[in-house]
Amino acid sequence: MRKYTHYHIPVMVREVIEYLKPEDEKIILDCTVGEGGHARAILEHCPGCKLIGIDVDSEVLQIAEKKLKDFSDRVSLFKASYRDADFLLKTLEIEKVDGILLDLGVSTYQLKGENRGFTFEREEPLDMRMDLESEITAQKVLNELSEEELARIIFEYGEEKRYARRIARKIVENRPLNTTLDLVKAVSEALPSHEIRRRKRHFATRTFQAIRIYVNRELENLREFLLNKAEKLLRVGGRIVVISFHSLEDRIVKEAFRNSRKLRILTEKPVRPSEEEVRENPRSRSARLRAAELVEEGGD
């Protein structure tokens, strides 16, 4: 594993515990355990509960294992996609859990660690895979997909409404793209200078988000889990808490909760981080938390 000197600060920890309500003898499924920040807080808060943590990123799991070593008798970590959580629990002979947590988005390690390709701040290979065993990389997507398909991805997943086609055209013109700075260059050539100056965030943020979402099938996985898996994994009275970081994710969560006959929504509007937390951890600014409780058996 690469040398790592950056530490991930979990967002909205107090709110996660408030809505998840971990209790002794209960089992919590942390579907995106990452570096173990939320998991540690849950285990510290509830000395008698157990936690199953899963993540597709084998490197962050190594960090989580070290962070959670004091709770080794109450925590089990696995490399897996939360989309396949039902199969994992079946192999563990666990029928239901009492709480589910999803903290979506990219971890600090993925952003700050070397050669992962998630950042536009320095030159790295165009990777962007959360699961390093996956065959689809950002480089493959950017160099092999058609201009039309790239424009669709940037429009839909990056919410780049006005300039998606121009960006896709510049990507194709600049091929082959091999590094993150190659992609930044293509985006900068596509956007008018006044648009670059106008944007509050880095001008390539939306395009990087779009390619990352596509590479990792983030929205498909979230939709599949919420619509077809989550309710079946929860006991009646169990709770699901989801933290999202952009409107595409939040929309899926909101609609899944509202369209379910078996969930009672606990957060009519998304809960946002406190002003104090945003000051201490600017990354939390865009976080939205939604929670629901299973009130009717979710099936086998």
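Counting begins at 1 with the first residue displayed.
Including glycine, each Cβ sits where the backbone N, Cα and C put it.
As the structure is a computational prediction, the values presented were derived from the model and not from experiment.
Look at Swiss-Prot and you will find GLY36, GLY37, HIS38, ASP55, LEU89, ASP103, GLN110 tagged as S-adenosyl-L-methionine binding site, backed by sequence analysis.
Sequence features, as recorded in Swiss-Prot, placed on the structure.
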residue : record                               : contacts (Cβ under 8 Å, 6+ apart)
GLY36   : S-adenosyl-L-methionine binding site : GLY53, ILE63, ALA64, GLU65, LYS67, LEU68
GLY37   : S-adenosyl-L-methionine binding site : HIS8, ILE9, PRO10, VAL13, LYS67
HIS38   : S-adenosyl-L-methionine binding site : PRO10, VAL13, VAL16, ASP30, LEU101, ASP103
ASP55   : S-adenosyl-L-methionine binding site : THR32, VAL33, GLY34, LEU61, ALA64, LEU77, LYS79, ALA80
LEU89   : S-adenosyl-L-methionine binding site : LEU29, ILE52, GLU95, VAL97, LEU233
GLN110  : S-adenosyl-L-methionine binding site : ASP57, VAL60, ARG116, PHE118, MET130
- [ ] Please classify the secondary structure at GLY36 (S-adenosyl-L-methionine binding site) using three-state DSSP.
- [x] coil
TODO: Would you work out the biggest C-alpha to C-alpha distance among GLY36, GLY37, HIS38, ASP55, LEU89, ASP103, GLN110, the residues that bind S-adenosyl-L-methionine according to the record, and give it in angstrom as a whole number?
DONE: 27
Task: Secondary structure of ASP55 (S-adenosyl-L-methionine binding site) (DSSP, helix/strand/coil) - done: strand
